[in-house]
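K.L.:
Encoded as structure tokens, here's the structure I'll be asking about.
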Amino acid sequence: MVVQSKHFLNTAPSLVLDSLEGLCAINTHLALDPIHRVVYIADQDRSKVALLCGGGSGHEPSHSGFVGQGALTAAVCGNVFASPSAGQVRRGIDLIDNEKGTVIVVKNYTGDVLNFGLAKEEYAARYPDKADRVKFVIVGDDVAVGRTQGSIVGRRGLAGVCLVYKIAGALAQTGASVNEVYDVAQFVSSRLGTIGVGLDHCHVPGTAVPDTHLGANELEIGLGIHNESGHRRISPVPPLFELIPTLLEMITSTTDKERSFVPFKNDGTDRVVLLVNNLGGLSELELGGVVAEVRRALDKSGIKIMRLLSGSFMTSLNMPGFSITMLLLPAANDTGTPSADLILSLLDDSTNTPGWKWSSRSVPKSPSISSSLPTATHEKAWSASLKAPDINQFNSAVERACRALITAEPEITRMDSIAGDGDCGLTLKGGATAVLEALSKNSISGNDVLGSVITVSRIAEGAMGGTSGALYSIFFSALAQALAKSSSSTATQEVWCTALEAALGSLYTYTRARPPSRTLVDPLAAFIGALPSGLAAAVKAAREAAEGTKDIEAKAGRSAYVDSTKLITEQVADPGAWGVKVVVEALAQ
């Protein structure tokens, strides 16, 4: 696949500092040391334990976005995907010097561990009386790296570190000692499991576009947040209901000798904090679908979600992917551990960090529909009996039109990706598919033309949606009203002509489009206007009107917002008009 490689920036080297200045401009409780690129709380309470973290940039909101009361006291920021130097970290430690001590939290990456560790040791050498008040926590929550592979370097640090920030930071805010904060941070770190999955790698500003070799229908499980290759690749991309259980198994398994990092019991008593993290390039629409599927899978496995968080916590620039983190809470009878109630209360405590996402601070409830809502009924409400002259011919024509639309979807989508928002082909295909299903169930039949038209109207409203769905639904609703007024028992050409003309008039009430407008109205009006002269003449008129949209400046619809010169030069027809052309041509075959 082609990685998105265009970026909004002044220069690649200035991007990190520019971004930090923007962060502090938005959040006035934050201060910035621009030389060392340290973001810290401007008005720190130095009577409380401080938390310091950091690492390479490109993971925003981590790490600087989690600086604030009840989380990090300071974050030290390196270049994109590069650890800050020990000198930067020493400056960070000095900026947040306090009476109680400092806990340094780092993700398990070699550069971070070495540079933050070196800074800690140098600080201890300079201030031996404070040496025991600086603690060091390394978070490695990745379950993609097995025990054999990670026997030397250990598990990588991923989004789970954000839970450590929040829980340890909230405890520090209560006035706890440095040892208490350190112990809770260590415990939380030991109970974390994270697995990531991506459709592609990300692009680092200022570098060449990488060739990831990921196919168009391939994903990678276990890829790192610095473009490291993952555990394995899968093709084709499976649906979420197949993918999610595989990912969860890597976290919760107690039989996988290469993993089993977290002591799940898998007996129905496990309770977790769930974090579904956007790796940077996933749409909110898709992320919501991931959350829903993870929840369903955990409910099915008997693992109870005590808190649910979702959003961008630990990103990898613009990587299209997500990660799942679970924090296994201690059982009620566990001894020598912080209680689950304490951990949850610390997670729930308020914070003014810009990166922490809203949560309900409660156990998520099952989605439900109110039983008090009225139930919609679609019983037959018309008495008119209107049949097609040839029932089989009517049904065959409807089927041909639907299959023609489905076949034409790629071309209509191509047109709409240039002239609109790219959804017209799929919208029409969705409607056509639903009509075919209704036809197979005899909900649409030449034996009941009026009922069939009403059914098509309802399908346009429900299965299509958007502007096209509304236009088609209005048109077919008006057509049904006009057909109901007919005194004939057979839907003759004359009956159709009268009803179609009335339906077009009703449609004009709700749209300002009039031929020539470069919309679906052009071929629709041409077809209706020429139908009294015969079906062949009407199809010819609709075809010419649809073809004519290639040379017309748009006066309505999405195309009105697109450069008309480009559309005319490239001879791109209006996709909605093309859809009408496809339908009427198929009807007349």
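Easy rule for this one: first residue shown is 1, then count along the chain.
Cβ coordinates come from backbone N, Cα and C, glycine included.
All annotation found in TrEMBL is predicted automatically rather than curated by experts.
Residues or ranges marked as domain 'DhaK' in TrEMBL: 11-356. Positions annotated as substrate binding site by TrEMBL: G56, S57, G58, H59, K107, D112. As annotated by TrEMBL, active site, tele-hemiaminal-histidine intermediate applies to H226. Annotation comment: TrEMBL describes 392-589 as domain 'DhaL'.
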K.L.:
Per 10 Å Cβ neighbour count, which of the binding-site residues G56, G58 ranks highest?
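P.N.:
When each Cβ's neighbours within 10 Å are tallied, G58 leads.
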K.L.:
Can you tell which of the recorded positions (S57, H59, H226) has the fewest other C-beta atoms within 10 angstroms of its C-beta?
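P.N.:
Among the recorded positions S57, H59, H226, the sparsest Cβ neighbourhood within 10 Å belongs to H226.
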K.L.:
If you measure every Cα to Cα distance among G56, S57, G58, H59, K107, D112, the residues said to bind substrate, what is the biggest one in Å?
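P.N.:
Maximum Cα-Cα distance: 14 Å.
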K.L.:
Sequence gap of 6 or more, Cβ distance under 8 Å: name the residues on the same chain that satisfy this around K107 (substrate binding site), in order along the sequence.
P.N.:
G55, I138, V139, G140, R156, G157, L158, V161
K.L.:
Suppose we draw a 10 Å sphere around the Cβ of D112 (substrate binding site). How many other Cβ atoms does it contain, all chains included?
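P.N.:
Taking every protein chain into account, the count is 24.
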K.L.:
Averaging the per-residue pLDDT over the domain 'DhaL' (392-589), what integer do you get?
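P.N.:
Averaging the confidence scores along the domain 'DhaL' (392-589) gives 89.
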